[in-house]
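Let me begin by presenting the structure, written as structure tokens, before commenting on it.
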Amino acid sequence: MNQPDLADDPDPSPEPLCIVCGQNHSPEENHFYTYTEDVDDDLICHICLQALLDPLDTPCGHTYCTLCLTNFLVEKDFCPVDRKPVVLQHCKKSSILVNKLLNKLLVTCPFTEHCTEVLQRCDLQHHFQTSCKGASHYGLTKDRKRRSQDGCPDGCASLMATTLSPEVSAAATISLMTDEPGLDNPAYVSSVEDGEPVANSSDSGRSNRTRARPFERSTMRSRSFKKINRALSALRRTKSGSVVANHVDQGRDNSENTTVPEVFPRLFHLIPDGEITSIKINRADPSESLSIRLVGGSETPLVHIIIQHIYRDGVIARDGRLLPGDIILKVNGMDISNVPHNYAVRLLRQPCQVLRLTVLREQKFRSRSNAHVPDSYGPRDDSFHVILNKSSPEEQLGIKLVRRVDEPGVFIFNVLNGGVADRHGQLEENDRVLAINGHDLRFGSPESAAHLIQASERRVHLVVSRQVRQSSPDIFQEAGWISNGQQSPGPGERNTASKPAATCHEKVVSVWKDPSESLGMTVGGGASHREWDLPIYVISVEPGGVISRDGRIKTGDILLNVNGIELTEVSRTEAVAILKSAPSSVVLKALEVKEQEAQEDCSPAALDSNHNVTPPGDWSPSWVMWLELPQYLCNCKDVILRRNTAGSLGFCIVGGYEEYSGNKPFFIKSIVEGTPAYNDGRIRCGDILLAVNGRSTSGMIHACLARMLKELKGRITLTIASWPGTFL
């Protein structure tokens, strides 16, 4: 309790030299530079009053250093200039032109005793590494190498979003929020795209024109950061604080109470709903587990790869931005938005120190502004009318509607082969839907368009416009399938039946062993296995053991019974006891499960042959393997919900019967926070909805089940089958 407050210490211990600017400042501070000339007022940050570093534009039209604005918004929620409300995730990186102007500012080398070089700001770091005698004299290069070997990226050189303080994490994350090819003036993210640290030579620092020596700080700046540090310390001590304590605070807390668990940042808000976002995650060990579970894949109605569960001690939890239900669209630039489950898992398991993910958090219950925006996003042909006739009110049109990030309105993303729209032949991909049955959708949403289509009896009147010239690919925000949640084949794809992800067949194996000899295998699963009830399965086979010598029982086999004793509903402890007590003659009934290899094309760089096969000791069952097991092995549970005042149960379903794809199970795709399904806590993404109030969902079409769920009142019993997602 008598520990001094570091923020108030008049003589703090010197910080290590920064390899970007050559100054000794803490990771919470911007870089310091000495400029040869006065900086133009338009390139000055209105918070620190110095040249912009990593400039960030607010919606109200002002520009600040990313770190300055992030620190300011820790306590405030408005723009410092005009005091209009500002949310960090709504801010955008400044244009390439602004960044180029900043990078060309002339600065002097801070090591004036050894070097008198004058060079552009963006070249200073390279100068330190290659030709600066001062940097060598002060051990800057050695210090950088030592920090790299120690796996410590906080030497003021890199604002990595996952390893530094939460203020820097938020700042770095903003630079990754856009991934928008085709824009005339995209956000400046060259360092992110090139795979370099965010605060590299392209990311510049703050001016320090008044300082003659390289290690001095102005009194005003010190006072400013003391206030910020005190505010952050207060946040760390509150239950609602969403930031993680720094290394000094952690060490002090651990010395006082060793039982306090490690606190991870809660930075969920940095990924906005309904927008495709790119993030970068660092791992000191390239092979460190992500500690998440994944569901989904193109062979299921979920289509996308979705995070089912995040474990508290893993890389993703330490990063603090992702949530269960988030959709992973790309992995290190590789598109996995519509690939088989096992293919996506193989990509995510590739060792790498920097993992780049493009993710989508679906928009939930957010009303969109209908303010008028000029329709000037590119020339389009005159609008035309399309009338589609449904054979029944429940029939789907067979189109997928999405919204674009850079243009308002509703757009056709895909037309399902054989659907109503496809048979009519007039609608095409990228068409913009201006109106449905007289309702203006020029600034509408795909959700409202879907409601209008579903409310139509038989005749759907659409007003559509078509762009004159195809633009470069746009990024879409998904709104769900109009055609029952099932993805249609892309252009040129063959509409062939999908192969099962795994095949099963039963086998009976008899082995002999000495009375004191072990069978030589390790099993997992069992009733009440952590959070799931699972069959007993073989994790590994000991080389040279009884099972290994016989060769018929393999890793991944499901054990059904031993000498006539059923293992389908026993715990792992009970199963091990039964196996150990078996006599010399052992008869094993097992289910062999063979998973199909993903046949996707992939480059050698993306999937190195050395990493394609999981080591036997690290084998774990995949989510798609569980889906292919016979129904009698499926442990079902009843979840009782009561509809809340908003009238929503709080989950989204995909799947069901379709004329062209047959019968598919209904999967839970997403769960809305604060709803009955969320509050109950037993329903997860990827769960299968088998029955509602005792009525089986098998063979139902999507519209029928959705209507039934909306009309049910009071106590609702859902029969759920839940399997654990693939662990990474």
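Every residue, even glycine, has its Cβ placed from backbone N, Cα and C.
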> Swiss-Prot tags one of 185-188, 241-244, 269-272, 573-576 as motif 'NPXY motif' - which one?
Replying inline: 185-188
> Using DSSP, how many residues of the zinc finger (45-83) fall into helix, strand and coil, respectively?
Replying inline: 10 helix, 8 strand, 21 coil
> Over the domain 'PDZ 3' (508-593), what does the predicted model average in pLDDT?
Replying inline: 85
